[in-house]
Ligand code: SF4
């Protein structure tokens, strides 16, 4: 069958090669997958030109996926350094890479990614427009904004963040309801400034049908951006955030009418007690479209540790229905992450995603944990290292403090409860004192 998008194929009950791969990875039947995709509840971001991709599905019924943001900036422009981060992110299990490059030859890097990278590639064309046109923001025309979207689609990008929910109405709501942190979305702040300076409507909102045409042609998934995501706890779940979400729900329906795959971007910073409700609100207002959350960061006081504050929020969000978690590194709010920051951020978000999958009862999600528990029971240290989410770190810790008794660790030594219980249950004498 000829199909424009994965969604169109699903709606015609046609199982694509990409769906077969995803069904196998997720231990879900092809029929169940096709049904969820037809309803927009699961997506397979997969640009027709991205030939090196290993397809993945994103949706609440599937394993929680993680995204890693990378890309050059004026202060760190080395393509080699960014590629090193990409490779290590993929080795560590990232299913998606968002290229947020905002300096230098952004097209070269983007094309390198879609030529060789097996992960889903996402971009934010708004950032790139400013770099590409190399002129003041105010002078970028509506046509030029749309041309950048087309260029990214032609370069093989699988999903694009488009900040089309912040229209004149949302902007008014934002102005009337003062915030502590205003707009903290980079793309959102750019388009808001452009709207204010030119007096024009958001071009992506006004010409949404043109955006859809491009996305349909290349099967680019729309990641409907949350320009008004809260940037601090005090702004969580406020009028502007919800107003924008209502608009994103309306745009979701319009995209689905053209068989364009959609996911919705979400908070942000938010107290823990608001997260579950936010997931429900999104599910309702956006008709079950997959939710892609940027955190949520659950406290504002921990610069240097925001991989932890966001992993807490991400785990809660995913347990309550978020399908896709964006990593946050310890460098968040402070600087562009280096290779080590990227690693710390990925491990933290993978833990969050995995913990949520167990809580959701996904088939096989706890198998890994059970294997680790068996190895711990046997005090099989090599197996524990093999199974650890970060084998090198686990090994380095153990080696840095060798116990007197090799089968225990230096935490309890002779008092090792695991060893002593194994022995007593095997009928051996446990002395502890003189062992
Ligand atoms: S020594 Fe203590 S911490 Fe170490 S393996 Fe035994 S029970 Fe666990």
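Backbone N, Cα and C define each Cβ position, glycine as well.
Just so you know, TrEMBL annotations are computer predictions that nobody has curated.
Record note: TrEMBL gives 98, 127, 163, 185, 186, 187, 226, 227, 228, 229, 265, 292 as substrate-binding, and the candidate from 47, 56, 69, 340 in that site is 69.
Only 409, 416, of the binding-site residues 127, 409, 416, place a Cβ under 6 Å from an atom of ligand 1. Each residue contributes its Cα atom, and for residue 69 (substrate binding site) and residue 333 (Zn(2+) binding site) these two points are 14 Å apart. Residue 69 (substrate binding site) falls within a strand when secondary structure is assigned with DSSP.
All protein chains included, residue 185 (substrate binding site) registers 23 other Cβ atoms within 10 Å of its own Cβ. In the three-state DSSP classification, residue 333 (Zn(2+) binding site) falls within coil.
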